[in-house]
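The active site annotation in Swiss-Prot covers E258. Look at Swiss-Prot and you will find H257, H261, H364 tagged as Zn(2+) binding site, backed by sequence analysis.
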Amino acid sequence: MAKTPPLRPHGNMAKFLAALGICSWLLVSATAHNCQHQHPKAHEVVHGVRIQLADSEDDSAGDPARHSVRRRSVAAEQPLRILLVYDESVYRLEEEKFNLINDTVLPEAVQFWEQALMVRETKGVIRLNRKCDSTQVYVKNGHTHCIDHCKATTMCGEVQVPDAHLDVCRVCNATGQNCRIDSNTQPGEGIENADFVFYVSARQTQRCFKGLTVAYAAHCQQEAALDRPIAGHANLCPESISTKPQELQTLISTVKHEILHALGFSVSLYAFFRDDDGKPRTPRKLDTGKPYLNEKLQIHQWSNETIRKVVRENWSVRGGHVNKVVDMMVTPRVIAEVRAHFNCNKLEGAELEDQGGEGTALTHWEKRILENEAMTGTHTQSPVFSRITLALMEDSGWYRANYSMATPLTWGKGLGCAFAMRSCKDWIQYNHARGRSIHPFCSKVKQDPLQTECTDDRNSVALCNLIRHEFELPKGYQNFDSLNHVKDGEEGFYGGSVSLADHCPYIQEFTWRSKNVIVRGSHCRFTENNPRPEKNFALESYGEGAKCFDHSESMWEERSCHQTREWQHWGSGCYKYDCFDGRLHILVGNYSYKCSFPGQKLSIRIAANGWLHKGAIMCPPCHELCGAQFAAQGKQCRPGEEPDPLNKYPRDNLACGAGSEKSRSVAIITAVLLLFGLRWGFS
């Protein structure tokens with residue numbers, strides 16, 4: 001809807017400042033998918049499921065603890081086999097959503113973990129244990145017995161376990177005597193050719209409404225020999241499942257994330273981790289064979305061999321320093337991987353999340369230092385499963401990891417102990433003072449006109465998520481003593497929009513929304529993110545092979561014979577590129593622009609879609625985008641040289657008559673771009 005334009009002078013002629021509507025589709029959201037994994041309480045998990053490993057004798061023989069250790073050291077390994085069992089609710093999904101989940105999302109997520117993890121080979125069938133009415137049970141000859149009777153139905157999450165998957169009901173009387181098999185039950189056929197049974201439902205439960213949760217999962221039964229989770233459940237929230245192509249990878253990553261909570265990455269499983277010899281990392285009670293119970297959390301308490309508290313002294317915050325206590329995962333492979341990743345040999349382990357409450361804290365990696373690792377507590381952009389996460393799964397004692405399945409994690413890589421062990425305020429302040437880059441953090445307050453940047457991997461157009469909060473942040477999360485264009489004394493209101501990252505501001509992908517519906521995203525890879533032609537002022541080209549390039553400091557401009565439009569949203573864009581003749585070539589419209597040296601300003605002047613587009617793109621270092629390709633060819637980027645003369649580049653012109661030139665007006669596109677933390681959830 002057009003507004004009456006005010007007048008302003010421009011040279012010798014009056015030009016119209018026409019606000020061509022505040023476009024609702026330009027509403028910008030920095031997206032965060034929050035996980036609030038609801039770990040099962042100790043009494044909700046069924047223990048003692050009997051399995052037999054392929055190279056062991058009868059599982060019932062001998063001392064179970066000693067037997068486990070011996071098996072652990074010699075066991076053969078095979079790829080993890082996950083059996084999916086659908087609840088009837090899955091079949092009630094809308095056809096498009098069912099096909100997406102059944103044909104793409106679940107198969108890809110399951111296949112990933114089947115290729116990434118190996119387990120000890122088993123033989124025979126798996127029969128799950130029946131649940132008891134009482135939390136008190138007796139264990140006789142390695143079998144779990146209920147008091148007097150078993151529950152009529154055994155649930156795993158929202159799904160009823162089929163009778164065919166269940167063992168007989170074993171009971172004792174209240175004093176632990178007269179132990180027997182309930183004659184009214186029969187053993188089911190059991191589960192063959194599987195190491196983990198995953199029951200899947202699709203119900204719009206109350207948990208689905210918490211933060212627009214997409215899915216949640218947990219384990220429900222553990223085996224007797226090594227305590228490995230052997231059955232679990234996942235619920236998919238129908239109303240939160242998106243079928244948009246540009247959201248598919250995030251949806252798949254969300255389901256992978258949830259599966260991993262059920263397989264081992266859970267606060268309710270840490271106490272059951274074992275070392276390479278199969279010995280428990282956490283001491284066990286003699287009477288139950290289980291770790292001690294944390295009465296407050298209602299989970300089994302791990303030892304310092306798994307998670308240890310570390311005090312960070314002199315943690316820099318606004319106006320001074322505080323002591324910060326962090327929980328560190330300190331298992332051997334995790335320590336080795338985080339030290340190698342950050343290039344910090346004194347790092348004690350991998351920091352766990354300390355915010356978000358029960359379900360987020362301790363059961364995810366710390367967002368501040370492992371931002372887009374998929375097992376942090378919120379997905380904000382390009383989630384990856386790194387070697388650090390695979391190392392944790394291997395350190396559980398239940399799996400061997402195939403590290404070739406890990407995706408490189410660039411966040412924080414090689415940045416040293418100053419990044420991994422100190423506050424983001426320290427990092428920003430130290431590097432600012434020395435004229436160095438403060439990436440991956442940033443200090444540009446989001447304000448109009450909106451100026452975008454590129455993520456460090458150049459995969460997305462992005463924004464600095466530094467915003468003014470409604471209330472002053474807690475002292476421990478105030479990360480600035482001063483900020484450009486912010487009044488003294490108000491710095492405590494400013495911080496990153498992602499609370500789990502300790503409000504440290506960083507460059508983040510975003511989405512354009514219309515009436516809270518995603519129109520397009522900012523990831524360069526997806527063709528669906530291309531702007532409509534009439535909105536493509538910077539001639540961007542999204543799709544496979546596209547990368548993000550910075551614009552110059554000047555706004556892009558569109559001209560016709562009658563009007564000039566300047567877009568007050570600029571800073572970066574997605575473009576295709578080529579690598580040849582030792583040079584990076586950026587493709588804009590139908591033209592190719594050669595980069596002769598880093599920081600070169602490529603002036604663009606191209607007629608397209610009825611407008612003359614004018615702007616500039618900055619050349620990155622050639623090796624960033626072409627180095628690997630040239631190296632594979634036995635070549636390399638050529639040294640910098642003088643750029644070609646301007647007349648070597650295309651410079652389109654308008655063909656206008658004299659009359660039309662005099663009547664030209666200017667329209668400034670002043671779309672109000674609101675950055676807000678719309679929280680999508682996965683749990």
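Just so it is clear, glycine is given a Cβ too, placed from its N, Cα and C backbone atoms.
Summary of the Zn(2+) site environment: with the site residues H257, H261, H364 set aside, the chain residues having Cβ atoms within 8 Å of the Cβ mean position are C35, H37, E258, L260, F265, S266, T363, A374, M375, G377. Under DSSP, H257 (Zn(2+) binding site) is assigned to a helix (H, G or I) in the three-state scheme. The local packing around H257 (Zn(2+) binding site), expressed as other Cβ atoms within 10 Å of its Cβ over all shown chains, amounts to 28.
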